[in-house]
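Undergrad: The structure under discussion is supplied below as C-alpha cells; questions concerning it will follow.
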C-alpha cells in the first residue's frame, strides 16, 4: 500500500485482542487534576472581583483592553452588521432548528392512577440560562443558534450569552445578531473558565443563571463541572462536552471523498479531536482511495496543522462485518456517527450509543452542525452511553402534582400507612390517619 504524508493508522479487528481494542478506542487522556488547579483560582477570582476580573483576563488572554465586560440589550445595530447572504443563511438555520425543537414540546399529562387519585406532570421553562459560545480557534455562530433557539422555544425568560471578544475587542456581529434574534438580555465578553464563573455566580448587572449550556475546551468543561458541584452556585449544566469526535462506518458502496471529508470536518475542530473509521469488507483499492483522500484534503485545508495533530490520536479499523462495526461503535459511543452503508437507514436499530447519527451518503455531519434542525451540542468522551444531546427538554424542568379526593385517600391510604410503618416513618402514616383513614 502507498505511504502518504498524512495517514491514519490502520488495524484489522480480527488480529486484535480485547485489550488492544480497548486501547484503540480510548480517548486522549487529559490530566484532570492539573486542569482543576488552573481553573479553580480563576473561578474564585471571578467570584470575589466580578467584572473587574473579566476585564483583567481579557487583557491577559485576548490582549484586549475592555472598558466593560458586558453588552446589554438592546444591542446597537452597528454591532450586527452582516452581509445579506449570511443573514439569510442564519435565518434559514434558525427556522429549521426552531421547527425541530418546537416539535419536542410536550403537553401536560394527567393520569388517574386509581379512582380518586389524579397525577399530573407539567413543564416550566428554566428562569435564567447562560449560553457559552466558544471563540478560541473559530467564530461559532452556529453554537449560538443551537443553544439560543431551544431556549427561545422553551420560553426561558432570561437568556445570557458569554463569548470571548475578538482581537479588536468586539464580538462577532453574527453572534450579536443571533443574540438579538433569540431575545438575549446581555452578552458577557469573556471566554474560558472565567466566563463559566461569571454566569454561575453573577457579576454586576448580570445576575447568576440557573443552568449553563455550551461546549468548550478542557478548561471550560472543568469549570462547568466545578460550579455544578458547588452548592454555593446552585447551577446545573447541560452535559460534560469535551473534544469533538466522529466515528464513520463505511462499506464498498461509499464515496471515498465523502468519507474523508466527514472525518476531517471533525478533526479540524481542535488538537484534541479524534476520528475513527470502521471499514466493512473494503477492497484494498477502496481502502487506499480513502487514505489518499484523507491525505490530499488534509494538506490543502486551512486548518491542516490541527488536523495533523488530531490524526495522531485517530484510527482506522477493518472489521469483519456490519454487526462487528456496530459492536465497536456502541462500545465507543461517538459524538457523531456517520453511516456510509448500503441501505444505511436499515441499521439504525443497531445503534445504542451515539450523540447524533448521519444516515446515508447525502447526510454529512456538517448539515447537523449548522442547519438541518438537530442540535450539535452533543455528549463526547463516551458520555453518549448515559447522556443525550441538548434539546428543548434541556431548557425545561418538570413538576408533578397529585390530587386525591376523599374517596381516593380512603382507597389508597391503608397501603400508604402500612408502607410508612414498614419504613419506621410514623409521621408519614399519621398524616394519612389524621384524614380519617383507618386500616
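Positions of Cβ are set from backbone N, Cα and C atoms, glycine also.
As annotated in Swiss-Prot:
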- 335: active site, proton acceptor (ACT_SITE)
- 336: active site, proton acceptor (ACT_SITE)
- 132, 194, 217: NAD(+) binding site (BINDING)
- 244, 266, 269, 336, 369, 423, 428: substrate binding site (BINDING)
- 266, 269, 369, 428: Zn(2+) binding site (BINDING)
Undergrad: Least buried of the recorded positions 335, 369, 423, going by other Cβ atoms within 10 Å?
TA: 423
Undergrad: With the cut-off set at 10 Å between Cβ atoms, which of these recorded positions ends up with the most neighbours? Options: 132, 194, 244, 336.
TA: 132
Undergrad: By CA distance, which of the recorded positions (335, 336, 369, 423, 428) lies nearest to residue 132 (NAD(+) binding site)?
TA: 369
Undergrad: Could you tell me the maximum Cα-Cα distance in Å between the residues recorded as binding NAD(+), namely 132, 194, 217, rounded to a whole number?
TA: 13
Undergrad: Using C-alpha atoms only, work out the spacing between residue 336 (active site, proton acceptor) and residue 244 (substrate binding site) and round it to an integer in Å.
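TA: On Cα coordinates alone, these residues lie 9 Å apart.
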Undergrad: So which other residues, same chain and not among 132, 194, 217, have a Cβ within 8 Å of the centroid of the Cβ atoms at the NAD(+) site?
TA: 134, 162, 164, 190, 191, 192, 193, 195, 196, 216, 219, 220, 223
Undergrad: Here the binding-site residues are 269, 428; which one has the lowest number of other Cβ atoms no more than 10 Å from its Cβ?
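TA: Looking at the binding-site residues 269, 428, the Cβ with the fewest others within 10 Å is that of 428.
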Undergrad: Can you tell me the CA-to-CA distance separating residue 335 (active site, proton acceptor) and residue 369 (substrate binding site), as a whole number of Å?
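TA: Pair distance, Cα basis, whole Å: 12 Å.
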Undergrad: Neighbour count, 10 Å Cβ-Cβ cut-off, for residue 266 (substrate binding site): what number do you get?
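TA: Its Cβ shell of radius 10 Å holds 27 other Cβ atoms.
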Undergrad: Give me the Cα-Cα distance between residue 217 (NAD(+) binding site) and residue 369 (substrate binding site), rounded to a whole Å.
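TA: That separation, Cα to Cα, works out to 17 Å.
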Undergrad: For residue 217 (NAD(+) binding site), list the number of other Cβ atoms lying within 10 Å of its Cβ atom.
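TA: I count 20 other Cβ atoms within 10 Å of it.
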Undergrad: When DSSP states are folded down to helix, strand and coil, where does residue 336 (active site, proton acceptor) land?
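TA: Going by the DSSP assignment, residue 336 (active site, proton acceptor) falls within a strand, counted as strand.
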Undergrad: In Å, rounded, how far does the Cα of residue 266 (substrate binding site) sit from the Cα of residue 194 (NAD(+) binding site)?
TA: 26
